[in-house]
Amino acid sequence: MSTARTENPVIMGLSSQNGQLRGPVKPTGGPGGGGTQTQQQMNQLKNTNTINNGTQQQAQSMTTTIKPGDDWKKTLKLPPKDLRIKTSDVTSTKGNEFEDYCLKRELLMGIFEMGWEKPSPIQEESIPIALSGRDILARAKNGTGKSGAYLIPLLERLDLKKDNIQAMVIVPTRELALQVSQICIQVSKHMGGAKVMATTGGTNLRGDIMRLDDTVHVVIATPGRILDLIKKGVAKVDHVQMIVLDEADKLLSQDFVQIMEDIILTLPKNRQILLYSATFPLSVQKFMNSHLQKPYEINLMEELTLKGVTQYYAYVTERQKVHCLNTLFSRLQINQSIIFCNSSQRVELLAKKISQLGYSCFYIHAKMRQEHRNRVFHDFRNGLCRNLVCTDLFTRGIDIQAVNVVINFDFPKLAETYLHRIGGSGRFGHLGLAINLITYDDRFNLKSIEEQLGTEIKPIPSNIDKSLYVAEYHSEPVEDEKP
């Protein structure tokens, strides 16, 4: 049997004991900040060119000729309707439609073909303000449609007649950069020439330099790489009209804050800044006071945790953890799961154990080569494996809607880390399960995190109600079509 140390992602045979049955993961698409891609979307990606670090860029601009008066919606290639139940995190809206924002028809076509039917609360609040050119400071939960909240106005404001960089999206991790760029490319595919580029550390700098010789309208980047390209005079940002900081609390932490300050200083003074984050520490407030001009503040965080995520803990010794995990695998109906460890070494050891137990397993951590990380992320996102073991590298904004179970094999020390981890399930208002394996040394952290987040983590019951985390128990019936 192959072990988890294999350089290529290895798909072990799926065990038929439990809910982890043989066969591919069910595709589940949905509106919001992205989702697992439908077959139609995957076919679209197959017909595109791959540039630099694996990001997809349209080989030819797609143009759709719609005559005035045509019912253009009939020409759309819509993904299957998402019939899963959704929580008020995404359904508690004002009832607006995307058409209410006077968006370009070609942009609307991309929005609807992503499966985004109506704006989520964060999109309702953000889109009209961002279109007006005003700075935004938005606090919203992960998994509620933040990517769409800034990408839609960003794309609407592009002038495709110009050949310079007009917008930048800065994100803290390479995986998030690739995810956001793929969403951006898909949404803009009917716009006739919107050029999107992702650039991250760990990839070929020469490839990025060559790509920037051609027209690029939108750059989605990690902080260090884009600053390097700006300083080299390769990325010319003197025409940038909008910059987005996604996961702003991480971007403005001690690791990145000076880089972000340097990036902002290179931009025009009249640029628009959009900040999105689930938490707003003092560093974000300080940055806002220095660089944002009368920002419009959005706060959709009455409570910090996603409403669709049920949280449990199980008291175990360190030696019992693998046995407990095996028991969970045998009893839970897992579509896809993410399992967190606190170190890269423990990730590899646990992935090997899971493979030896006979379960499908990938692993990912920051010490792996970027090429390998990209491949694992892509394959897991597309449902080639049920279980992913990882470090906190994989917590920020990663949107894989097929994930319905998150397991903290190692309990985190910080409430912020816990919040981002469990946000891996219950994406875009769907249901999910978060299970924490708690040792004697973790008991004080458990209590502290409960108090800081104002949430309740319950003892795990002997049987977990599948209606709490299995979408099929709540899927809306498909109405019979009338003859």
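Using the three backbone atoms N, Cα and C, a Cβ is placed for every residue, glycine included.
It should be emphasised that the depicted structure is a prediction, and the values quoted were computed from it without experimental measurement.
According to Swiss-Prot, the protein has these features:
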DOMAIN    127-298  domain 'Helicase ATP-binding'
MOD_RES   Thr36  phosphothreonine
REGION    1-40  region 'Disordered'
MOTIF     96-124  motif 'Q motif'
MOTIF     246-249  motif 'DEAD box'
Residue counts (helix, strand, coil, in that order) that DSSP gives for the motif 'Q motif' (96-124): 17 helix, 0 strand, 12 coil
Distal contacts, the motif 'DEAD box' (246-249) - CB-CB under 8 A, six or more residues away: 146-147, 150, 169-172, 176, 180, 275-281, 283-284, 287, 396-397, 416
For the motif 'DEAD box' (246-249), residues assigned helix / strand / coil by DSSP: 2 helix, 1 strand, 1 coil
